[in-house]
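The compositional bias 'Basic and acidic residues' feature in TrEMBL is assigned to 136-146, 153-164. According to TrEMBL, the feature domain 'RWD' maps to 9-111. The region 'Disordered' feature in TrEMBL is assigned to 123-165.
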Amino acid sequence: MAANEDQEMELEALRSIYEGDLCFRELSPVSFQYRIGESGDPKAFLIEVSWPETYPQTAPVISMDAFFNNTISSAIKQSILDKLMVEVEANLGTAMTYTLFEYAKDNKEVFMENQPVNTVTSVSNSISIGTPDVPPSKKKEKKEQLSKTQKRKLADKTDNKGELPRGWNWVDVIKVK
């Protein structure tokens, strides 16, 4: 459990404030992550706040080492951490995890203004280019799984080019009196 009463109260407050918020993650009772920005946003980043035993009298440990942040330059990360530490100094002695997360959300654009977006976009483009290859390979597998009888029936229906004759799927309309 959290080391002291202040931490326990803040832990309960964080749990109730961020309940159902997909951006918030409690890693342990003294360690939390918050994603600033939507998951598809190239300027989104993740902040991790951990409380030492003497928190909130001493500063929490703030980290941006999460894999989610691997496309952000180290200079931008350091700049964000420096700005967050100014907030920490101003709030020493009080519960500040919520304040830090909200401060980061409010200042996301300023924090990330010098972050080049193109590095992230090129990564996502290469991912999306690879996905259309998946359906054709599945179709090939299905064709290979046809039984001999099914193959014969298919061959009987098609001409020498492998095309079905015109009208093969037409339906006769019968007038009933």
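The count begins at 1 with the first shown residue.
Including glycine, each Cβ sits where the backbone N, Cα and C put it.
Mean model confidence of the domain 'RWD' (9-111) amounts to 91 (pLDDT, 0 to 100 scale).
Within the domain 'RWD' (9-111), the DSSP-based counts of helix, strand and coil residues read 44 helix, 20 strand, 39 coil.
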